[in-house]
Amino acid sequence: MNSAIAIASTLAAAAIFRLLTCYLLFSTNYATVDDDDILSRALGPGILRAISAAILDPVHTWDHLEEACFWLDDNFHRSASVFSGNGTTNDAGYGAIYTPGTRIVAPPLVIAFLGQPLVCRPNSIFLRVLQSLILTIADGVGAYCIYWLGCRIVQGENMSNEAEMERHTVLSESCEDGDEALNKDLVIPEILRPDMGWTIDLPSKRLPTDNCSKVRLVDGGVSCNNNNQVEGNHIDNGKPAIKDAISATPLLDREPLLLLDQVPIIASLCYFGNPISMLANATGTLRSLWDALLLLSLYYSTMPVTDLAKEGVSNKIPSATKVAMFLALATYADAGYAMFLFPILLWRGLLQSPTLISKIQHYDWKSVLLLYILHLGGLHYFASLLVGDGPSAYKKVLVQTILPNVAFVQQDSSGSVPGPSMGLHWYMFVQLFDRFRPYFSLFISGLPAMFVLPLMIRLYRYPCALAAIFQLLWAIFRPTTTVHTLTLGLHLALLNPRTIVRMRYPSLISFFALPVPISLFITFHRMWLVTGNGNPNYIFFQCLAYGMFVMIITMDFVSGTVKRDKVRRMIEKGTVKKLLNKDE
């Protein structure tokens, strides 16, 4: 009861703090005018623009929708309806806003359902509060989905053979020889256990409690040698040993910092209460809405097959339509979300993922795939009716709305490109000759797609880990790299504690080093574009350091997942037992 009250109090305080931040610190029109708000008066003009460059994707903001509203209002055809050949009427203004030079990237349905009701009105405090409230609710929905996603993942993994190996490993340390409850074939040798497993109450390498040198045995045991020497390939008890003596550190038994059941609620609270999401919402991002749609799709994709009714009768839970619908909505807003279709299909039975046992796993991936294609096609069909002027006109709209989300491209024929962000694309793009820019766009935008199939084939047992890896890769290679994109990847990674305990210390150092290049990026951005005493090279090196730290975390997370899967496969196939028998 006390924990529930604490969680509710934390969520309420975070929600209030979000709304106050939006109203007090960013009381002006988001990132367009930043000289009269509290933050600008405290840190100088231009600081809000610099923060927005680090956190926001400029084509997914309320300001971007407001620019679309300007072109709608300015178009003299806006009040005239045209009659299309298929018998429907369309507002010609929607076709006009995608003419070259307008730089509008928001899809037509986003402008119609979000822009016109919430932005294309006289600016008022009510609309501003309503926009902030919508973003806060979106993050609340995302936190709710992350909590249940984590609970279902923990539940499914606890029913898998991986958890059974961990239980027998823990049991082996307290059971006598010949105990029938212990299956020695499932015991993980100590040398294969993660060093940091104790942090979340998982099997880990033991530390000696006396001041002696420790010798690793091939079967995973340890033996103390007070002379700090290992002679030959065997020690006194006849067991084979590895010829390296490791100096031991006296240490008492370590209590776990967290329990597996506590990971989902911690990830949920961190998602809703982290300062990056608060600043992003306060400065007017729409990415929280798209992330909420993605998380809703992941939430329904892991929903159990059946549920018990009040009468005790099991009812089947249909969820394929909701999975496909929410992912299609997110993909329509930003085509990059399509890569999450692969882990969703794994959750729904593709490749027979053993992460979730058959009693709680759906096997309808074909239906989900078909419904996803139909929903996405339907959205584009209605958008084409809204734009009008036939398929050729809508094809140009697709190029203008989809391409900037997957490739770093020129915004118009003038050669202008999006401004600086936390990625390296903007700096490299402006250094290239015009004739090489299409090659650069195609090559760089295609890099993330190269990892999808190899990772899915190798790590198909771990859909949640794949989703986290894809998001982290997207945080590195997406055209406009933002810190807000990285936060979702880190929270998805947090739902994989068995992988995190196998990560190394450089990842921890990189995580705590991330605020340094982010802070310096904001400082140098203002120095270059406002005060005039900086240059783009200052920003470039901070982007390079930021990308290096994120890459270290991503690659170590992939490595930890592979190690986890390798140990599991070795125990399943009896490889460890065969090696031990061979050495004996």
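Cβ coordinates are placed from backbone N, Cα and C, and glycine is handled just like the others.
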Checking 4-21, 256-273, 436-453, 454-471 against TrEMBL, the stretch recorded as transmembrane segment is 436-453
Identify the transmembrane segment range according to TrEMBL, selecting from 108-127, 508-527. 508-527
Which one of 141-159, 293-311, 483-501 shows up in TrEMBL as transmembrane segment? 483-501
Cβ pairs under 8 Å with the transmembrane segment (436-453): which stretch of 323-347, 368-388, 483-501, 539-562 has the most? 323-347
When each of 323-347, 483-501, 508-527 is checked against the transmembrane segment (368-388) for Cβ pairs under 8 Å, which one has the most? 323-347
Long-range Cβ neighbours of the transmembrane segment (483-501) (under 8 Å; 6 or more residues past either end): 54-57, 146, 149-150, 153, 157, 162, 194-197, 199-200, 202, 204, 258, 260, 263-264, 266-267, 270-271, 274, 276-277, 280, 285, 287, 291, 422, 462, 464-465, 467-468, 471-472, 474-475, 511, 518, 550, 553, 557, 560-561, 564
